[in-house]
Amino acid sequence: MVKICCIGAGYVGGPTMAVIALKCPAIEVAVVDISVARIAAWNSNQLPIYEPGLEDIVKQCRGKNLFFSTEVEKHVSEADIIFVSVNTPTKTRGLGAGKAADLTYWESAARMIADVSMNDKIVVEKSTVPVKTAEAIEKILTHNSKGIKYQILSNPEFLAEGTAIQDLFNPDRVLIGGRDTLEGQKAIQALKEVYAHWVPEDNIICTNLWSAELSKLAANAFLAQRISSVNAMSALCEATGADVTQVSHAVGKDTRIGPKFLNASVGFGGSCFQKDILNLVYICECNGLIEVANYWKQVIKVNDYQKNRFVNRIVSSMFNTVSGKKIAILGFAFKKDTGDTRETPANDVCKGLLGDNAHLSIYDPQVTEDQIQKDLSMNKLEWDHPIHLQPMSPTVMKQLNVVWDAYEATKGAHGLCLLTEWDEFKTLDFKKIYDNMQKPAFVFDGRNIVDVQKLREIGFIVYSIGKPLDGWLKDMPAVA
């Protein structure tokens, strides 16, 4: 029986291995992690991550050919194929701080693999890593090989949170990069055979190592660029009276462009986009490609600009101060159908409002109070370190209240911010909400999910990104 081990039981490792176990019943899959709490959660009825469809798969396979364990060295030693899906946070100090990926956890995993391996292994990069990481890992393994042969493959993930299981079931492509040697091609074939249990062969692309590593960064950069492009247009729409929804619909009808990732919003979030672009910028700078680096930097600058613009709209609309005012925050996850808060725009918006002494009442159907408190008390880039290295007890903020009901969040509020596009927010009784809010009652829609006209008829003053401005908001500055 082929044995697969995945180091790292996070958003990538857990779902990917669960689907491999489901689709390949003849393969034994072990997911290992040094976090006792995380592994305990994977073995419980309350999984550590929320992803539609994941729980059913885990329950179906767990204990049969899918195992979650803290016995890292044991499972690594026994495995034929080792996926490495550890954190690759952005460096916060030293060379490349604020841009380069920190490969500390990757290097530590590689050295552990070399220490415990007793037979030849295929080691698969699953984390998003800088170009040439495979070469560095190869050197560590080779210099500590004790006669054991290792083949390094790059197999980047292209999952979208909220649809990860469907993405794994029906991927646009599976990308496998490896060495152009006989052993390298054999390793590619071995991994290809795993995916071939359910993925059509035409959808499995084989490249060299460097192309596979760069393709992941490039894909995320292109997607983030589209979001920043439409968000830049949203600012122009507000200034001119155009409607960004109509503009993006017209642009998306061009078959060369297409409609995806053209929804204006408060900004992009998630664990990958910003981190991967910063990584790309650093690689460009290291190779002397300063103009290219500056081009990609601008994607992040526009994203930050959009979040700042949103906060400034809120403050300027509410008589230029939110001090002491209750603001309801609906949605804290970076997108719907996930509990993931990494790089969520809601974090920056909330911090901006707290900085002006607002009182926040937050509701998100999938994010816990502890997570929200932790996110708001962490410094930028700290979130991507393993959980056991993050601050243990968040600073409890007096200006912050986390509730489990949208109506409770909005009761007595001066303003309401929609920051995640959860479906339940589209069907709220806004008349009931209006009646229980302070007047004038403001709605700031960061996801363009409400019917602006209907809300104005109820009596709300509404700001919706990229839409023609409410009379109240005209002549008020969007940027401080």
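Heads up, the Cβ atoms here are built off N, Cα and C, so glycines get one too.
Caution: TrEMBL annotation is automatic and unverified by curators.
Per TrEMBL, NAD(+) binding site is recorded for 8-13, Asp33, Arg38, 86-90, 127-128, Glu161, 272-275, Arg342. Gly8 (NAD(+) binding site) has a Cβ environment of 25 other Cβ atoms inside 10 Å.
Around Cys272 (active site, nucleophile), the same-chain residues six or more apart in sequence whose CB sits under 8 Å from its CB are Thr128, Asn220, listed in sequence order. Residues annotated as active site, nucleophile in TrEMBL: Cys272.
Annotated domain 'UDP-glucose/GDP-mannose dehydrogenase C-terminal' per TrEMBL: 328-452, in sequence order.
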When you measure from the Cβ of Asn87 (NAD(+) binding site), how many other Cβ atoms are you left with inside 10 Å?
-> 19
Counting across all protein chains, other CB atoms within 10 angstroms of the CB of Glu161 (NAD(+) binding site) number 23
Restricting to the domain 'UDP-glucose/GDP-mannose dehydrogenase C-terminal' (328-452), report the mean pLDDT as a whole number.
-> 89
